[in-house]
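Q: Okay, here's the structure, questions in a sec.
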């Protein structure tokens, strides 16, 4: 294996300038988690994040990063359009800057493989979901060999959580407990791209959480394609409930969330663990997809309406203040008016605090894409509008019912787009609702990561407002200290690129 230290194209060999990078993320929380790893890998190899690299005043230096990485999603058709649209915008930029590199990873890369380079020959690197850790090597190999590198593996090379990371938040963190999925939903391409479920050992998960808390993290979200089948690899069907309870013993960890469970394998033990463990938050994301038993069967979702509503009842009985969110697909092939009415019925009964609603999008390679009776676009659109109107009403009513409640809000950074104009700060309630709150006159603003006690004065359609400052209080936290320390940290200096191995090429899969 050879090792080289690269300099930007055209640079004097005696001057080693650090190359800048930018990661653009599309899709789910798993991709956000993986993007933090991609950033960590690049910084470990000597790259500097583009928005921190700076540009001297009056400088004619390029305003584009040296490396752009797309971490892609393949769940919906517009994901393809978004990627190739972005790549098209970069083509003339790269023509002006031959030393620039473009890499494409994630689920769409795993799916399209060499097709990406055929459609966009200015792309330098294509890597998949199973070899995230190979990015620096592939970038260097592409520069060294002056040709695109396409490397897609069929099984997981390294569990992403073991890779270097650059976390976006000093007070909240994603922790992956598993990757892949053993379900075979007919509309979903993710299992084909992420592979079969692979679980981390509980001790490894807890050790990562303890290390994060030691750095100041106050909240973690446990990640998996189906968190409540966690343990299938090591033969423990109750492993997820045990893991939740174990997080309750980690001193300094105040908030635990998880996403995403599957109704078919959601057990009473998990509900009990949520109710019994104080730092597990009263919020639950439970994907419905459809309220029709006939459609659920066609989707190959191994539960029916009665089981789903039974789970909702069980959660509400044990955790009365729980906010439950969901995913719903409208217009699945063969969905009739009666099927859709069943979905509306479940939404009325379940009273979700919010819902991610999607118009069905056929994905090549999935069984649903070749099913007959694809629903006309105008019918799907009409149903979608009826569903969103119903859910918007329920969300608004539910938010209005929060008026008068006193909540502990984890102060967040960047959650409130109008905070400067409204002179409010923003954060998340225990049930994960967004809260915009006012400060008493002359009060010192809490830091992101601190916890503010506020009283809700208004439930808006998509958030809560807390303008009554009479009971306002702030608890300064180690998470806030961590945020403050990060702000005070000097901008990273350009130390130049570090040696990166070219690696041993694997069989090219295009």
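One-based numbering along the chain as shown.
A Cβ is built for glycine as well, from the same backbone N, Cα and C atoms used for every other residue.
These came from Swiss-Prot, pasted as-is:
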type     : residues      : note
BINDING  : 28, 73, 107   : [4Fe-4S] cluster 1 binding site
BINDING  : 181, 185, 188 : [4Fe-4S] cluster 2 binding site
COMPBIAS : 482-492       : compositional bias 'Basic and acidic residues'
DOMAIN   : 19-144        : domain 'MTTase N-terminal'
DOMAIN   : 167-397       : domain 'Radical SAM core'
DOMAIN   : 400-470       : domain 'TRAM'
REGION   : 482-510       : region 'Disordered'
Q: Other residues near the [4Fe-4S] cluster 1 site, CB within 8 A of the CB centroid of 28, 73, 107?
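A: Neighbours within 8 Å of the Cβ centroid, excluding 28, 73, 107: 26, 27, 30, 31, 72, 74, 75, 79, 106, 108, 190.
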Q: Under a criterion of Cβ-Cβ distance under 8 Å and sequence separation of at least 6, what residues of the same chain contact residue 28 ([4Fe-4S] cluster 1 binding site)?
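A: Listed in sequence order, they are 73, 75.
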Q: Around the [4Fe-4S] cluster 2 site formed by 181, 185, 188, which additional residues qualify by having Cβ within 8 Å of the site's Cβ center?
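A: Neighbours within 8 Å of the Cβ centroid, excluding 181, 185, 188: 183, 184, 187, 189, 190, 191, 225.
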Q: Show which residues of the chain containing residue 185 ([4Fe-4S] cluster 2 binding site), separated from it by at least 6 in sequence, have their CB under 8 Å from its CB.
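A: Listed in sequence order: 289, 299, 300, 301.
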Q: Measuring Cα to Cα, how many Å separate residue 181 ([4Fe-4S] cluster 2 binding site) from residue 107 ([4Fe-4S] cluster 1 binding site)?
A: 13
Q: Give the sequence-ordered list of residues that share a chain with residue 107 ([4Fe-4S] cluster 1 binding site), lie 6 or more positions from it, and have CB atoms under 8 Å from its CB.
A: 27, 31, 72, 73, 74, 75, 129, 189, 190, 193, 194
Q: Within 10 Å of the Cβ of residue 181 ([4Fe-4S] cluster 2 binding site), how many other Cβ atoms can you find? Include all protein chains, please.
A: 21
Q: Taking DSSP three-state, what's residue 107 ([4Fe-4S] cluster 1 binding site) in: helix, strand or coil?
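A: SS state of residue 107 ([4Fe-4S] cluster 1 binding site) = helix.
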Q: So if I draw a 10 Å sphere around the Cβ of residue 73 ([4Fe-4S] cluster 1 binding site), how many other Cβ atoms end up inside it?
A: 21
